[in-house]
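Read the structure below first, then the notes.
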Amino acid sequence: VFGLLVFGVQELLNPFVLFLILLIVLIPFRRAPGYVLLVSVAAILTMYWLLATTGFLLAPFVLGFGLAYVLDPLVDALVERRVARSLAIVLLALPVVGAGVAAVLFGIPALVGQIDDLVQAAPELVALVGDWLSGIREFVVGIPGVGEDVVPDLANLDPEEIVAFLQERREQLASGTWRGVLGLGRGLGSAATVAGYVFLTPILTFYLLRDYDGILARLRGLLPRSREAGVVEFAREYDVLLSRYLRGQLTVALIIGVLTGTLLLVVQFPYAFLLGALAGVMGLIPFLGLVLSIIPAVIIALVSSNVLWSLAKVAFVYGLVQILDSGIISPRVVGDSVGLHPVWIVLALSVGGFFFGFVGLLISVPAAVGVKLVMVRGLERYRSSELYESPQG
């Protein structure tokens, strides 16, 4: 009985309930020093718990709000031209929703089929890699002072066993692609995930877009009058920085994906659709995007019948895309006024994805923008403070 009581209390007093209790208990001390800091830390910890436990449920809502945020300026532009807001939303949302449904119904099966073909081509790849690794081992062992026991014997690797292992798990690889693309997580079935992302997300996006300005107005009405001006100013700076990055980077990634896939089709390189989609997704990651997207293309070229010609195709396509991206696409679309360093973006994506999975990837860049603005404002306050200006001694 005592064990059941402890379990019941533990389930009842989850971090969210404890946070509400803390807020109630601290009401008499709301003007005390350290109150804001304590509540802020508690709110951050509660949000961490909420995202870690229910992130898979929040993903369609986060994705819907993100789409609403990106599409709202376009909706406002159509409304200014005397188009009804609901009609403007439908006109803008139909291509986006249609592209998403097409990707789920047609694109993902094509990706799975190409992955299946790649698994079937694995024997040549494994044998080639095994020969290369064995040659590297012989070279390393030949260095004075390096014994054979230092480098593992790669000759014991059996390519047939590796290929058999991959073929046995071909279905798992295919289903893993579905789960990865759909953001499946923590116990939901694939059918529920498809329903959530294909049907729930567009509905949420529509209603958020229809009431977007009203939602912002109601949130502003909840702000304390004494802090309204400062919060609104911060929100405007945040909006400018985030919108420039998101709209610019999404546009660049889409162009890179379409351009890469089209060029690979033109030069008749295998798995062009798969590699183009990968290049588009990886285009969201600064610096590492090109490297991560070109590795599979190089591997495919190495197992082709004409290795040198295939490598030349890869070098031509990805080199041309990189030149166009760095010289024309990114400067024209994104420009130099975004203010987010690529290393900062990579760090945010890594931390967000590690702790919160798919939802973490969605919120990592907005969170990074907020942290950057807080740090910039904190640095400005420090430089204008007596601590910074006071003479030494």
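Counting starts with 1 at the first residue shown.
Using N, Cα and C of the backbone, Cβ positions are placed for all residues, glycine too.
What TrEMBL lists as transmembrane segment is 12-29 (among others).
Residues or ranges marked as transmembrane segment in TrEMBL: 34-51 (among others).
Residues annotated as transmembrane segment in TrEMBL: 57-75 (among others).
Here TrEMBL flags 87-108 (among others) as transmembrane segment.
What TrEMBL lists as transmembrane segment is 188-209 (among others).
Remote same-chain residues near the transmembrane segment (250-271) are listed as 70, 114, 117-118, 277, 279-281, 283-284, 293, 296-297, 300-301, 304, 310, 313-314, 316-318, 320-321, 324-325, 329-330, 333-334 (criterion: CB distance under 8 Å, separation of at least six residues from the stretch ends). The transmembrane segment annotation in TrEMBL covers 250-271 (among others).
For 277-300 (among others), the entry in TrEMBL reads transmembrane segment. Within the chain carrying the transmembrane segment (277-300), a Cβ under 8 angstroms from the stretch's Cβ atoms is held by residues 107, 111, 118, 125, 249-250, 252-254, 256-258, 260-261, 264, 269-271, 310-311, 314, 317-318, 321-322, 325, 342-343, 345-346, 349, all 6 or more beyond its ends.
Annotated transmembrane segment per TrEMBL: 307-324 (among others), in sequence order.
If you look up TrEMBL, you'll see 344-374 (among others) marked as transmembrane segment.
Remote same-chain residues near the transmembrane segment (34-51) are listed as 14-16, 18-19, 22-23, 26, 58, 355-356, 359-360, 363 (criterion: CB distance under 8 Å, separation of at least six residues from the stretch ends).
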